[in-house]
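Student: Below, the features straight out of TrEMBL:
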type     : residues  : note
TRANSMEM : B:32-51   : transmembrane segment
TRANSMEM : B:71-91   : transmembrane segment
TRANSMEM : B:119-143 : transmembrane segment
TRANSMEM : B:149-177 : transmembrane segment
TRANSMEM : B:189-207 : transmembrane segment
TRANSMEM : B:260-281 : transmembrane segment
TRANSMEM : B:335-356 : transmembrane segment
TRANSMEM : B:376-399 : transmembrane segment
TRANSMEM : B:420-446 : transmembrane segment
TRANSMEM : B:452-474 : transmembrane segment
TRANSMEM : B:494-515 : transmembrane segment
TRANSMEM : B:521-545 : transmembrane segment
Amino acid sequence: MLKLDSISKSYNKGRVKAVDNISLEIKPGEIFGFLGPNGAGKTTTIKMIVGLLKPDNGSVTVGGINAWKEPLKAKSMISYVPDNPEVYDKLKGIEYLNFIADMYEISKDKREEKMNYYLEMFNIKDAIEDIVGSYSHGMKQKLVLTSALISEPDLFILDEPMVGLDPKSSFNLKAIMREMCDEGKTVFFSTHVLEVAEKICDRIAIISKGKIVAMGTMEELRSHAKEKESLENIFLELTE
Amino acid sequence: MEKIVSLIKTDFNTTFGLSSIAYSFKNKKNRWQIIVFGIAMLSILPTYFILVKGLGGIYDIYNEIGQKSMFLLSGFLASQVMVFLFGLIYVMSKYYFSNDLAQLVPLPIKPSYIIGSKFMTLMISEYLTSLPIILPFIFIYGIKGGEGVLYWIYSILLVITVPVIPLVLSSILIMIFMKYTNIGRRKDLIRTISAVVFILLMVYAQFKINAITQKALMEGEDFLINLVKDSNLLVKNLGLTFPPSIWASLSLSNYLNITGLVYLLIFVGAGVLSFIIMIYLSESLFFDGLIGNIEVSASKGRAGRKTSIKDITKQTKPYIALAKKEIIMLFKTPIYLLNSIGGVIMIPIILVMSTISNGDEFMEIVTIFIKTKPELITLVGIGFIVSLGMLNSVGSTTFSREGKNFWIQRTLPIKVSDQIVGRVLASIAIQILGLIAMITSLLFTIKLDMKAIILISTLGLLGSIPMTEIGMIIDITRPLLTWTNPQQAMKQNLNVLIGMGICTLYVGGIGYLIFKLINKVDINLIFIGLSMVFVVSSLLFYFILEKLIKKQFEILE
């Protein structure tokens, strides 16, 4: 579903390599966790997938489509939730959701069903007629999550999704991710919370200084490590 | 003390973007932007020189009637009044609506420190307003009168302190205003209405001044002398209501004796004193207006409400949805509302009104003119609406206004054609408001027939499309996305200025062609030709935009 073929990105005329020759392939129905310390290149990688940063070289393929050659086709399969939910604060929540749904050309019935479901689940339905500017950080995040889920994306990309969510919502989000994978969709997310990654990811990649230093299932990662360790120890060992 | 120095340093840096300018210079990026800015500035110079030349003439007349100090007084008065008026707007956005406040307020610093540092940065910005006005007066007076070294030393001191008192006044006024309007959910509305009232008052003042010039104009050849005599009175009257300008001019005109020194000391002393008073007042005024100001209150009873999603969902075509979003944002952001929409509605009204206030003689000329060439008013009307298409700044800031939300546009599967059509539609919607304002106010002044109204409406709106597209081309080439205050996206956006320059060329070029052709070609042919120019340029700019948006959406970082 998602294939990164040796993509790189550097800043300051190549002096700072943010992402260095990363390749990975994620199959439909997989939850893929992207782990790494601050500044390792997680967000840069994600931005290259969703069309916010053009890779210096390499290719991004989404559902068999080169995401930088046919961006429109690729983007209609993707939904993206950034780490910082900046949305139009003068729009009402519902106006924002309708706007996003219009861009994905989702029918009224479909969007109604999805909105009802997710707004109830995230408990923001009654705030949906207020302007986004009046929302708390967490509410904004839930709004962005809802807007990303309305389009039933084949590839769901989230940057640090658990930050700022209350325990119940992050529990719900994990359930949603699982559900989506059962339906054959793909979830790709970055996180600091190792416990989340350990629990719900089918596969994990650990990135450090722009390079993938380990990739595989939890079992595979453990077997490569010196001893049968927790993910935390593996993480610390690899990203030193 | 260290605190305040550090505050000023940081504020300078964020306001004038020193770090980011240094950064982009190092990257050899954006260098051409500085060149474009230079060219834009140069294009204003000819007009400026004409004005300065005119000032030289006025000096001579003041000199003849032995009222040289009046000349200086007009200069000081003009620059201080301008600083005060601009100050009101600057102070509002800088003290109350800039994003750094959320970080500054929780810090262990006094409100007066915040105000003090922000005041310093504003002073620098205000020199951009005051220097171009006051310097010609100082130089003309100094050079023509062959004044000595001491004159120039006094001048430097005065020029440096000129913005202090008016800026203090606008600071205090705004702080009081914000303190007492910081109430309830409707504060945005209250403040927008106040701004409109303020602008209307300005327009009224403009009429008054117009009337005086008009009177002078009637005197025929003695125009300048009468202007001076008339405005002499005006300047004196205004000067009396604002004594600091008198002190400054008396200080300069008496620099050779002790009176000059005394007035200099009074002027500078009053500046320092007023600054101290403002700082003192800020302790009790500033936070009251600020805190809670940024908060947006939710509607009442969020908790007890039952929302039915069914009634509030609706599917619309992507380009319509995009246009709708643009229009909502324009209406709901006070600064956009005032500049784009307010401008589009007010400019035509003001223009038509000031034409009337020019007096009956002028109207007679206009009426005679219209009788001999009735289609001329139609053409001018079309040209005016087309120019509004750029003046409304909707196109030339459309991507800049996205700011931090730009990621939404770039990650959604939106067709480039929808991007263009949606954003042009938003501009057209605003234009319709301007069109209505203009036609209504024209109907009050002259008789417009149906044909003229239809022509102005269709061709005016048609011509607004290429205007908006030109604006969009400029804006997507160099969008300003890093703003912290919507004011920056619209009022401090160079794209607006560049757009206006190009708009002048476009409308001016077409106007020139029509002027050349109007007596040789049938008027209907001219209208047809005009429509063709608009259609062809719309299409041409559309294709350019299509390519540019595709490219820029990929490479912007």
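Cβ atoms are placed via backbone N, Cα and C, with glycine included.
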Student: So which residues does the transmembrane segment (B:119-143) touch in its own chain, when a touch means Cβ under 8 Å and the partner is 6 or more beyond its ends?
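Tutor: Cβ under 8 Å, 6 or more out: 8, 11-12, 15-16, 48, 51-52, 55-56, 59, 68, 71-72, 74-76, 78-80, 82-83, 86-87, 90-91, 94, 151-152, 155, 159, 162-164, 167, 171, 252, 275, 278.
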Student: When each of B:71-91, B:376-399, B:452-474 is checked against the transmembrane segment (B:494-515) for Cβ pairs under 8 Å, which one has the most?
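Tutor: Most contacts with the transmembrane segment (B:494-515): B:376-399.
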Student: Sequence-remote contacts (6 or more beyond its ends) of the transmembrane segment (B:376-399), Cβ cut-off under 8 Å?
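Tutor: For the transmembrane segment (B:376-399), the far contacts come to 326, 330, 339-341, 343-344, 347-348, 351, 369-370, 406, 409, 423-424, 426-427, 430-431, 434-435, 438-439, 442, 446, 448, 451-452, 455-456, 459-461, 463-472, 474-476, 479-481, 489-490, 493, 495-496, 498-500, 502-503, 507, 510-511, 514, 526, 530.
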